[in-house]
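Structure, as structure tokens:
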Amino acid sequence: ASNNSREGAAGAWLRTPLAPGEVITAQSGGFERDPQESSTTDEELNRAGSPGSRGGSSTTPDYGEKRLPQALIIGVKKGGTRALLEAIRAHPDVRAVGTEPHFFDRNYEKGLEWYRNVMPKTLDGQITMEKTPSYFVTNEAPRRIHSMAKDTKLIVVVRNPVTRAISDYTQTLSKKPEIPTFEVLAFKNRTLGLIDASWSAIRIGIYALHLENWLQYFPLSQILFVSGERLITDPAGEMAKVQDFLGLKRIVTEKHFYFNKTKGFPCLKKPEDSSAPRCLGKSKGRTHPKIDPDVIHRLRKFYKPFNVMFYQMTGQDFQWEQEESDK
């Protein structure tokens with residue numbers, strides 16, 4: 001009961017709906033579109049679903065059938081979803097769409113047949129997957145996914161909300177160098193230190209708030225939370241959990257990864273069917289701008305109760321607080 005009342009107090013003011021303009025920036029991506037991932041055209045999606053596209057197995061069958069996905073990577077933006085998708089695609093029993101279909105947030109009116117058609121063909125025993133990180137913060141997504149298949153497995157890659165927010169800002173800045181500084185956008189009132197929780201870069205990191213929405217439709221046992229930090233420090237360990245969760249043999253292991261010193265994170269070793277190792281594109285691992293330490297401190301304080309609530313809800317401690325005290 002105390003948990004609920006605390007959640008009520010902490011969450012109530014955050015429940016205020018976003019203004020229409022803010023929904024546009026947070027979800028439909030006109031403001032924060034990553035060309036590498038989010039601005040997927042119908043034509044690209046149709047290509048992605050065509051038999052010749054690069055899939056999860058080393059040979060792309062021209063047979064099999066298109067199925068609705070049984071597992072989805074639903075979030076979070078700038079958490080490590082692309083890295084996770086590329087790693088799980090190295091598994092021969094996984095076929096996944098490379099582009100983000102944005103079906104349950106932007107393209108829902110196109111219908112399930114359109115969605116199925118975007119998927120790669122699979123053989124019996126293979127799992128169809130897709131990732132669209134904005135699903136996690138889309139209010140209608142849990143209900144819509146549940147109505148497609150209530151046993152869908154959901155994967156959420158989470159990372160320290162403070163670094164996630166800075167990464168999000170860095171991505172936008174790379175496309176719109178004229179936007180205000182992080183400090184300006186992060187505060188409603190700098191003097192009073194009031195954080196602006198309606199700014200999508202900050203709002204996305206209030207994981208407990210979004211998770212509550214999903215738990216109305218899905219049991220915790222159907223949701224896997226992957227640590228974005230551990231995906232970098234111990235990719236094989238996190239991938240073992242992902243493969244177990246999906247009911248797959250542990251085929252993606254240590255031998256699939258090597259550490260790339262230039263980028264500062266692990267890359268996939270050469271897949272069987274290509275000549276070069278697969279590292280994430282140049283839009284990954286961007287250098288973050290310097291942020292005033294006081295701003296970081298205030299953000300940590302802002303997120304702490306929500307992080308603690310998230311740890312309680314998931315039964316997992318992601319150690320974001322410990323990480324801070326070490327520095």
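Backbone N, Cα and C atoms are what each Cβ position is placed from, and that goes for glycine too.
Marked as active site, for sulfotransferase activity by TrEMBL: K78.
The 3'-phosphoadenylyl sulfate binding site feature in TrEMBL is assigned to K78, G79, G80, T81, R82, R159, S167, K284, G285, R286, T287, H288. Long-range Cβ proximity for G80 (3'-phosphoadenylyl sulfate binding site), meaning a same-chain Cβ under 8 A and a gap of 6 or more residues, is found for V157, R159, V226, G228, L231, I232.
According to TrEMBL, the feature disulfide bond maps to C267-C279.
If you look up TrEMBL, you'll see 69-304 marked as domain 'Sulfotransferase'.
Marked as region 'Disordered' by TrEMBL: 1-66.
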Smallest Cα-Cα separation from C279 (disulfide bond) among the recorded positions K78, R82, S167, T287 is shown by R82
Rounded Cα distance in angstrom between R82 (3'-phosphoadenylyl sulfate binding site) and C267 (disulfide bond) is 12
K78 (active site, for sulfotransferase activity) and C267 (disulfide bond), compared by Cα position, are separated in whole Å by 17
Expressed in Å to no decimal places, the gap between the Cα atoms of C267 (disulfide bond) and S167 (3'-phosphoadenylyl sulfate binding site) is 19
